Amino acid sequence: MKQMSHLDDIPSTPGKFKPYFHRTRWQSSVAKLAFWSLVFVGLIFIFFYRSPVSSNPADPSRRSLRTYSWGGPAWEKRVRSSARLRTRRGFSVLVTGAAGFVGTHVSAALKRRGDGVLGLDNFNDYYDPSLKRARQALLERSGVFVVEGDINDAALLKKLFEVVPFTHVMHLAAQAGVRYAMENPSSYVHSNIAGFVNLLEVCKSANPQPAIVWASSSSVYGLNTKVPFSEKDRTDQPASLYAATKKAGEEIAHTYNHIYGLSLTGLRFFTVYGPWGRPDMAYFFFTRDILKGKAISIFEGVNHGTVARDFTYIDDIVKGCLGALDTAEKSTGSGGKKRGAAQLRVFNLGNTSPVPVTDLVTILERLLKVKAKRNIMKLPRNGDVQFTHANISSAQRELGYKPTTDLQTGLKKFARWYLGYYNGGKKAAS
């Protein structure tokens with residue numbers, strides 16, 4: 001007797017059922033309904049219940065959207081005060097991810113030059129939340145109020161735009177990290193795609209619509225082998241989920257620009273480093289492990305090829321961000337209706353000087369006066385690429401972008417900050 005396969009349920013001739021196919025159309029509809037219901041429930045589970053939970057419920061850095069506290073006269077007063085301009089021609093800027101590495105530096109720079117700045121950050125625990133709190137305290141002393149909330153909270157975003165008619169948004173909030181995407185993929189979709197769409201939805205309905213500058217990533221170049229990387233190069237071969245979400249962000253930006261007249265500028269950052277940096281970046285955890293006497297893993301490419309990065313110092317990145325804000329044209333819509341064509345741009349922000357990771361380690365050894373224990377390993381197939389190299393001609397021409405800090409100088413500044421922050425300045429970098 002012939003064994004029945006799941007393929008045998010399909011009619012060999014359209015409209016003609018096989019003898020053993022007895023399910024009614026009603027039963028089939030119920031089955032389909034049940035299937036899609038399960039899919040829907042599964043998606044809800046992934047995006048709302050799979051996000052990391054704290055082992056300490058009282059830890060404010062791990063709060064969910066439902067527990068953020070905002071609103072009220074006192075809160076609104078702080079929001080207005082922080083966003084108030086100090087110069088006649090200044091901007092009123094909402095900075096998302098303000099307690100992050102780049103967000104902190106950009107917020108401080110904007111405030112120093114007289115712009116009104118309001119920060120927004122959810123203080124998640126992707127890396128040590130206490131570092132984010134320290135950055136927050138730094139900004140508070142500069143007069144920047146950082147609202148604790150999430151970009152997926154539409155009600156909060158709408159309230160912020162009701163209180164302050166922002167002229168610009170600097171969108172730096174994102175789930176960062178290439179390798180972490182293999183452990184928690186849903187967080188990348190939640191922050192980098194859903195969060196971005198939520199922000200754009202609020203911005204397109206605002207009156208006036210703000211001009212938006214946002215952080216894309218050099219990772220969008222993925223498996224591209226042409227160097228240096230140009231904005232005109234292909235970006236359809238992402239090597240990681242993180243890269244894929246950033247590429248998706250660029251396509252989403254194009255859509256909102258085309259339909260709603262939002263002015264959007266994407267910035268592809270190349271390996272940003274410096275004081276107050278991210279602990280998940282190689283230069284940061286290399287420094288930590290070298291000082292502790294732990295071995296560090298240094299990757300090499302195929303056939304012992306060199307792994308190199310276009311390391312870009314934070315002050316240079318900040319100049320590029322401010323240049324993008326200063327040259328951003330106004331959005332052309334209002335209340336969700338497009339009035340005309342709007343500006344849409346994307347720029348590389350790099351240093352144009354790729355440096356082998358082995359050279360970075362050598363510089364750190366000299367600055368820290370400690371010999372590193374090197375463990376050479378093959379580059380894992382988890383999203384990392386062998387090299388990055390930025391072509392910055394477009395940013396130079398249109399933003400006046402000109403990086404001035406070499407890796408030796410930048411790492412010296414980072415090492416001094418690191419030793420002061422973590423070691424009380426016991427070992428000074430020289």
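A Cβ is built for glycine as well, from the same backbone N, Cα and C atoms used for every other residue.
The feature transmembrane segment is assigned by Swiss-Prot to 29-49 (among others).
Sequence-distant contacts of the transmembrane segment (90-110), counting only residues of its own chain at least 6 positions beyond either end whose CB sits under 8 Å from a CB of the stretch, comprise 83-84, 116-121, 123, 132-133, 135-136, 138-139, 142, 144, 146, 151, 160, 164-174, 199, 210, 215, 269, 272, 274, 276-278, 314-315, 317-318, 321-322, 325. For 90-110 (among others), the entry in Swiss-Prot reads transmembrane segment.
DSSP classifies Thr96 (NAD(+) binding site) as strand under the three-state reduction. The feature NAD(+) binding site is assigned by Swiss-Prot to 92-123, with similarity to another entry given as support.
The number of other CB atoms found within 10 A of the CB of Tyr242 (active site, proton acceptor), across every protein chain shown, is 25. Per Swiss-Prot, active site, proton acceptor is recorded for Tyr242.
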Integer Å distance between the CA atoms belonging to Gly116 (NAD(+) binding site) and Tyr242 (active site, proton acceptor): 31
Helix, strand or coil at Arg112 (NAD(+) binding site) [DSSP, three-state]: helix
C-beta crowding around Arg112 (NAD(+) binding site), within 10 angstroms: 12
Lowest local Cβ density among Ser92, Thr96, which the record lists as binding-site residues, within 10 Å: Ser92
